[in-house]
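J.: One structure is given below, represented as structure tokens, and several questions about it will come after.
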Amino acid sequence: MRSCVCYTLLLFIFFIWLRVATCSSFTDMESLLKLKDSMKGDKAKDDALHDWKFFPSLSAHCFFSGVKCDRELRVVAINVSFVPLFGHLPPEIGQLDKLENLTVSQNNLTGVLPKELAALTSLKHLNISHNVFSGHFPGQIILPMTKLEVLDVYDNNFTGPLPVELVKLEKLKYLKLDGNYFSGSIPESYSEFKSLEFLSLSTNSLSGKIPKSLSKLKTLRYLKLGYNNAYEGGIPPEFGSMKSLRYLDLSSCNLSGEIPPSLANLTNLDTLFLQINNLTGTIPSELSAMVSLMSLDLSINDLTGEIPMSFSQLRNLTLMNFFQNNLRGSVPSFVGELPNLETLQLWDNNFSFVLPPNLGQNGKLKFFDVIKNHFTGLIPRDLCKSGRLQTIMITDNFFRGPIPNEIGNCKSLTKIRASNNYLNGVVPSGIFKLPSVTIIELANNRFNGELPPEISGESLGILTLSNNLFSGKIPPALKNLRALQTLSLDANEFVGEIPGEVFDLPMLTVVNISGNNLTGPIPTTLTRCVSLTAVDLSRNMLEGKIPKGIKNLTDLSIFNVSINQISGPVPEEIRFMLSLTTLDLSNNNFIGKVPTGGQFAVFSEKSFAGNPNLCTSHSCPNSSLYPDDALKKRRGPWSLKSTRVIVIVIALGTAALLVAVTVYMMRRRKMNLAKTWKLTAFQRLNFKAEDVVECLKEENIIGKGGAGIVYRGSMPNGTDVAIKRLVGAGSGRNDYGFKAEIETLGKIRHRNIMRLLGYVSNKETNLLLYEYMPNGSLGEWLHGAKGGHLKWEMRYKIAVEAAKGLCYLHHDCSPLIIHRDVKSNNILLDGDLEAHVADFGLAKFLYDPGASQSMSSIAGSYGYIAPEYAYTLKVDEKSDVYSFGVVLLELIIGRKPVGEFGDGVDIVGWVNKTRLELAQPSDAALVLAVVDPRLSGYPLTSVIYMFNIAMMCVKEMGPARPTMREVVHMLSEPPHSATHTHNLINL
């Protein structure tokens, strides 16, 4: 009887448990489905979390992608990173009270964190990084999560002070709060974490002193506090007691003072990053006690003295970065003996004497950069002994002798920069065949001999051999350099004709072959090289005429053929070259009259001086200088009249024939139009493909540029659209992902992004359809007749709006989108003068996609290109930031980025030069010296504030520039003084 009762009791308990488990299981499924609906948002793809569907099964939800359950079918883990999702976290997340791991990283989730998160008391791992969560971080919500070990909120939009409640989480080991907008100082209480091993607070807006009490974190192994924080004072010497530290990063955070010798006690440290600060004094020799050290970066400070000899004990060192300091003396011989050294960067110091001849003999050297020092002697022969060396950077020194032959056999090399030395001899021919080299710069040396007839560097983007003693003919084999963008052969002794093959290179942008002994005509292939932005063929003995079709070079900014023997009339078509800002045809044999109108209004008479038979509108006599006029006089009046009659008859007949053919072709075109063109819409459009194509007429053209020709199209329903006909981007079988990428761009929706409505395509052409912007581009307003009407308040507003558009591309798109061609002409204004960023993501499609599948090397427009592009041939978000900084300078100064400051000087260089010329330099004095004279009644503090942001954006080093998110934050929240109008300037 007793056993029967026990059995019944157990059965009853089992059914109770089963009912509870069933209810909990179905509750979890219901919560997951609500979670899906909220997290997807309106922009997510239809297949996002597609398998999260209701199914009448207790365990169905446990098979959802990214979901893990325990034995009781309760959800214990969710990982939905990289979906992407565009919604928010709903309150229902709190119902999943058995969750131990919640990972929603790499999405576009927005809003504030729901207070219901506090119910997740079992949570051990919370990762919400790489989203757009905002507001103050709710530390009180996290406080009940007493089991939490990992908290990662990197790259969001959290503001306010750092959450102090987190110190009560006794099991917390990993805390990553970087990449937000936290402000204020680091709380002293952060020294009270019990178990913390990883702490990263970098890339915020923190200030104050770094608390020395952080040294009490005895379990800490990783500490990162730098990057765009701005602390007061220096490195706390107490940090030397943190014996468990393996990684210490205090870079780019305004630290001053000397490096504490007490850091030598960190014997377990393998990484020490102190770069981009204001540290002074010498490098402490005591740091040699850090025998575990592998990476040491002290670059971009004000350190003095020599490299300590005691550093010979750092046998594990792989990276030694000391560049941009004031270090002096010689490089000790032990540096060449460090067995693991891979990176040695000492550039921009005061080092001197001969480099250790044993450099590279360790067999691991990859990156070697000693640019801008005072080194003498020979280039070490064994730099590439390992076959791993990627960069040789020795520009601006006093090296002599030849380049070692071993360098010509170093197939791992990607960059050779050896300009401005005293090197001589014949350059090893193997250098011009290295498969991976992207840059060869040998300018301003004493090299001689001929270039090898065989050249085949398939990756070479920059070839600079200027100001040497090279002789012989320019080899046609240059045509093999399909990635070449810059070719500088000026100031040598080359002879013969310019090989036409040079201008068949699909990516060529800059050509300088001036100052040689070249003869013959300018190759006609020049007019096909539509990527060109600068051409200098001056100081040669070229003859013939400027080739017809020069107007095809729509991106050309500089064209110099002065001091040659070129003849014929000045081409009329130059008037249509709107990008051309510098033209020099002086000292040639041009004849006739200089055309007027169009772009000719930009050029002065100096551009045409030294041509005896050429006159301008001010210097021409009444009689024409054209030879045809003299011929007409010799024919007499009767002959001239007869000729005119014949010409008129022929013209009328030809016109009638053309009209008939045109009518026939138009009818035929309309019949076939719908069959040859296809419209792909990204939203509801009330027009057809043939309506778009009908607008491709000369009279509808509203712009031409590197991205193609832009037409204004009026659709039958009354809608106006902008139609961009892309250059060199076909849509046939070999479109190299064009359709996929354009469709991705078509899904982008932001108030300050020019909306892509759809595209029309056939086998040869792609037409992109955008919303029409009636007020044109910012460039037109700044540099055209309208500039005087663009008041300061409007300029500032446009800057904020454009920054928000770029910020969206960089931080809110997944994957992020690099614009690649930020400029004032790509910031368009709608009817309310609201800014819209245009042409984003198009730069990679501007060249023939069949020529190369490597499109990432297209950098942007002349004057906007970041300086590091010359070294890397790559662009990233910080390249866009630099270009945006140039746009900010345009808004302040009102001048184009190039062409108005003298040869070789752009707007950034001019501003820096102006600063140096001021008797009493200050921000106010500099702004008053450069500000647009058309501005009046502007608040000086506001202009200074935006000017300082612009100068942050155009810093020479990419890592030192702010992100676009930081730019938006700064522009949107100026200090109180910058918004006041008490300091108005009237000019």
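Here the Cβ of each residue, glycine as well, is placed from N, Cα and C on the backbone.
Sharing the features that Swiss-Prot gives for it:
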REPEAT    96-120  repeat 'LRR 1'
CARBOHYD  ASN101  N-linked glycosylation site
CARBOHYD  ASN108  N-linked glycosylation site
CARBOHYD  ASN127  N-linked glycosylation site
CARBOHYD  ASN157  N-linked glycosylation site
REPEAT    193-217  repeat 'LRR 5'
CARBOHYD  ASN254  N-linked glycosylation site
CARBOHYD  ASN265  N-linked glycosylation site
CARBOHYD  ASN278  N-linked glycosylation site
CARBOHYD  ASN316  N-linked glycosylation site
CARBOHYD  ASN350  N-linked glycosylation site
REPEAT    364-386  repeat 'LRR 12'
REPEAT    482-505  repeat 'LRR 17'
CARBOHYD  ASN512  N-linked glycosylation site
CARBOHYD  ASN517  N-linked glycosylation site
REPEAT    555-577  repeat 'LRR 20'
CARBOHYD  ASN622  N-linked glycosylation site
ACT_SITE  ASP821  active site, proton acceptor
J.: Among all the protein chains here, how many other CB atoms are within 10 A of the CB of ASN101 (N-linked glycosylation site)?
T.: 17
J.: Compare the Cα of ASN157 (N-linked glycosylation site) against each of the recorded positions ASN101, ASN108, ASN512, ASN517, ASP821 and report the nearest.
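T.: Sorting the recorded positions by distance from ASN157 (N-linked glycosylation site), the top entry is ASN108.
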J.: Please work out which residue of ASN108, ASN254, ASN350 has the most C-beta neighbours within 10 angstroms of its C-beta, and give that one of the glycosylation sites.
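T.: Counting Cβ neighbours within 10 Å, the top one is ASN108.
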J.: Which of the recorded positions ASN101, ASN512, ASP821 has its Cα closest in space to the Cα of ASN316 (N-linked glycosylation site)?
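T.: Checked the recorded positions ASN101, ASN512, ASP821; minimum Cα distance to ASN316 (N-linked glycosylation site) goes to ASN101.
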J.: Roughly where does the repeat 'LRR 12' (364-386) sit in mean pLDDT, to the nearest integer?
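T.: Reported value for the repeat 'LRR 12' (364-386) is a mean pLDDT of 93.
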J.: For a quick check of packing: other C-beta atoms within 10 Å of the C-beta of ASN316 (N-linked glycosylation site), how many?
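T.: So the Cβ neighbour count for ASN316 (N-linked glycosylation site) comes to 16.
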J.: Could you check which of the glycosylation sites ASN101, ASN254, ASN265, ASN350 is the closest Cα neighbour of ASN108 (N-linked glycosylation site)?
T.: ASN101
J.: Could you tell me what the rest of the chain brings near the repeat 'LRR 12' (364-386), counting residues at least six beyond its ends with Cβ under 8 Å?
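T.: Here the qualifying positions are 318, 323, 331, 336, 339-358, 392-401, 403-404, 406-407, 409-410, 412-413, 417-418, 423.
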J.: Show which residues of the chain containing ASN127 (N-linked glycosylation site), separated from it by at least 6 in sequence, have their CB under 8 Å from its CB.
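T.: Listed in sequence order: SER81, LEU102, THR103, VAL104, SER105, VAL150, ASP152.
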J.: Any idea what the Cα distance is from ASN517 (N-linked glycosylation site) over to ASN350 (N-linked glycosylation site), rounded to a whole Å?
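T.: Pair distance, Cα basis, whole Å: 39 Å.
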J.: Around ASN512 (N-linked glycosylation site), which residues of its chain at least 6 apart sit with Cβ under 8 Å of its Cβ?
T.: SER466, LEU487, SER488, LEU489, ASP490, ALA534, VAL535, ASP536
J.: Tell me, which recorded positions from ASN101, ASN254, ASN265, ASN350, ASP821 are within 10 Å of ASN278 (N-linked glycosylation site) if we use the C-alpha atoms?
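T.: The recorded positions passing the 10 Å Cα test are ASN254.
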J.: Taking helix as H, G and I and strand as E and B in DSSP, count the residues of the repeat 'LRR 12' (364-386) in helix, strand and coil.
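T.: Its residues fall into 0 helix, 7 strand, 16 coil.
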J.: Take the C-alpha atoms of ASN101 (N-linked glycosylation site) and ASP821 (active site, proton acceptor) and report the distance between them in angstrom, rounded.
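T.: So the Cα of ASP821 (active site, proton acceptor) lies 41 Å away from that of ASN101 (N-linked glycosylation site).
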J.: Who sits close to ASN265 (N-linked glycosylation site): which same-chain residues at least 6 apart have their Cβ under 8 Å from its Cβ?
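T.: Looking at Cβ-Cβ distances below 8 Å from ASN265 (N-linked glycosylation site), excluding near sequence neighbours, one finds GLY240, SER241, LYS243, ALA289.
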J.: Taking every protein chain shown into account, which of the glycosylation sites ASN157, ASN278, ASN517 has the largest tally of Cβ atoms within 10 Å of its Cβ?
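T.: In terms of Cβ crowding, the pick is ASN157.
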